[in-house]
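Annotation comment: TrEMBL describes Glu32, Asn36, Asp78, Met83, Asn91, 97-99, 122-127, Thr172, Arg346 as ATP binding site. Taken from TrEMBL, the feature coiled coil covers 493-528. Taken from TrEMBL, the feature domain 'Histidine kinase/HSP90-like ATPase' applies to 25-182. Residues or ranges marked as region 'A' in TrEMBL: 1-346. According to TrEMBL, the region 'C' annotation covers 558-638.
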Amino acid sequence: MSKKKAFKAESKRLLDLMINSIYTHKEIFLRELISNASDAIDKYYYLSLSDENITADRSALKIQLSVDKEHRTLTISDNGIGMNKDELEENLGTIAKSGSLAFKEKMEAEEKNDEDVDIIGQFGVGFYSAFMVASDVVVESRKAGEEEAYRWESNAVDGYTIDKCEKAEHGTTITLVLKEDSEDEKYSQYLETYEIENLIKKYSDYIRYPITMFVSHEEPKEEGSEEMQLVVEEKTLNSMVPLWKRNKSEITKEEYNEFYKNKFNDYMDPQKVIHTHVEGSVNFDTLLFIPSKAPYNYYSNEYEKGLQLYSRGVFIMDKASELIPEYFRFVRGLVDSQDLSLNISREMLQHDRQLKAIASKIEKKIKSELVNMLKNDREEYEKFWKNFGLQIKFGIYNDYGMHKEMLQDLLMFTSSHEMKLTTLDEYVSRMKEGQDVIYYVAGDNLDKLDKLPSAELVKDKGYEILYLTDNVDEFALQVMMNYQEKNFKNIAQGDLNLESEEEKKEIEEKAEENKDMLSDLKETLKDKVSDVVISTRLKSHPVCLSAGEGMSFEMEKVLSQMPEGNPYGMKATRILEINPNHPIFEALQKLYGRDKDKVKDYADLLYDQALLIEGFDLDDPISFSNKICNLMVDASKE
Ligand SMILES: Nc1ncnc2c1ncn2[C@@H]1O[C@H](COP(=O)(O)OP(=O)(O)OP(=O)(O)O)[C@@H](O)[C@H]1O
């Protein structure tokens, strides 16, 4: 017998968790093992289509269950692709790569929160869930096309062994030696036929290969005879009709939910199920799900988009990315079409006309479902938006706004109107008479934006402002250019034209009167701002910085946060605006009359204040602090 090998550290942690699990749904181990068996048969069948050395008799493909009450064993056997020695080592000695990192992170995070986590359900830890119910697990496997078979065995506690064994057919047989019953847990229930039948109906009914088991029942020896005999026969426990092929009206919500969680390894029910049957130039069934939470790795490169692809109920491939546009990449699900060739390869997908037609129909369907949700169930839509809104906004921005038409009505931003999320259409419907632009301002938090000096007057005049808090927002609006022919206007940038003719005149006069002072201020700040002007956008605040047309401050910040830095070193033009109706203005005028040099200090201070308000760092905080102190000291002398 070979030497025992230790599990990799991560696997060990997971195993410990499984062994000591107080998880209440231990029964899911069967679903996990059957799902693996079904995947293995899928792979085998698919391989047989392309490899002429392998012939698969589709009718013989199945998953067999058997129990041995005396030895407390439950066996799950498939004639799928099987595993060779290396694969046993790689797949069962190391925790499935997909969930491992997340698992670790989540464990750590949750420990902090001290919450009872549904880790097991969360990451579909698959094979290892066997250790929730078994003290020993034996896996005998022979890879299709290979002669040798191997036996992997483990009691989880002190590692595993791999040895050669005999196995007549390709595939995998997993034998679980069930744990002893305890007060809380009756593991022997998994040896009872009716319990197994129930579990299969509950979790694995749609599996497309027969799941069989030899069951016995008593029946009269002959018709009418009173003498009974024990008959043993192989029974298929699942209906095998794929869920998506069944009539929608006959499927319960629970069935959809179970199917989704099982197939896509989510621990939460989906937020939305979209099940459609399309006939016409292209025929297909599709079952799509919008998750109720973004997967942990959603906004990383690790997340792979795509739908599972089936042809006439036969699995062809996972994650066919061509079926789903980038901006709907959060959608999970599958497509089954009789119009696709079984031999389609990933390379061919890109050029397949039928597939393009399917993808286009799916895209429209998702959009219309989202629009319906928005119209009919606002609360649900806002939940969706919290999860995936960012994706939609990126969808607008990417490809130079090519998908604007598809996506613009799905957009939401928080608005100064009740500080709630609003759609652009709702914004436009509330626009005041004579308002011809959609106002917005960008920054990193709503509270700050709502308090921005430049927002005060706009709100005061009765206009609504969209508050953009994600980096991509302003870029998205820029590529959109307009919505329902209304241009977007940043309130912290350029001319707002909010003032009446009279007010305009007044300001022009003030500017003229204070020409010298303004130009001295500008001269003092010449390395920092391109202009110092009398403001038309301030109400009660003393100063603000505005940007000239083109690049805004937020865009400048976003660009400089990019990993490669601001690619063209582009900067927003800074303009210092001073409120002529603020006492500070009068103070400046007075001071200017008395001591022109002193105004220089004031200029720096005003500029620094404006920087702080805009959320920029000060160039020289120490000098700022010193100047403030000097002022305070001076004030005490008077
Ligand atoms: N019956 C089987 N036949 C062939 N390979 C199997 C079988 N069971 C498991 N495997 C292999 O072991 C790997 C690990 O299985 P495990 O159930 O732990 O994770 P998974 O199925 O990849 O992920 P998840 O359960 O999260 O979907 C599988 O990816 C598969 O390659």
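Here the Cβ of each residue, glycine as well, is placed from N, Cα and C on the backbone.
Because TrEMBL annotations are produced automatically, they should be read as predictions rather than curated entries.
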Just how many other Cβ atoms lie inside 10 Å of the Cβ on Glu32 (ATP binding site)?
22
Sparsest-packed among the binding-site residues, when each Cβ's other Cβ atoms within 10 Å are tallied, from Asn91, Thr172:
Asn91
Segment-level pLDDT (mean, integer) for the region 'C' (558-638):
86
In three-state DSSP terms, the structure that Asp78 (ATP binding site) belongs to:
strand
Tally the residues of the region 'C' (558-638) by DSSP class, grouping H, G and I as helix, E and B as strand, and everything else as coil.
49 helix, 5 strand, 27 coil
Among the binding-site residues listed here (Asp78, Gly126), identify the one with the smallest other-Cβ count within 10 Å.
Gly126
Under a three-state reduction of DSSP output, how is Thr172 (ATP binding site) classified: helix, strand, or coil?
strand
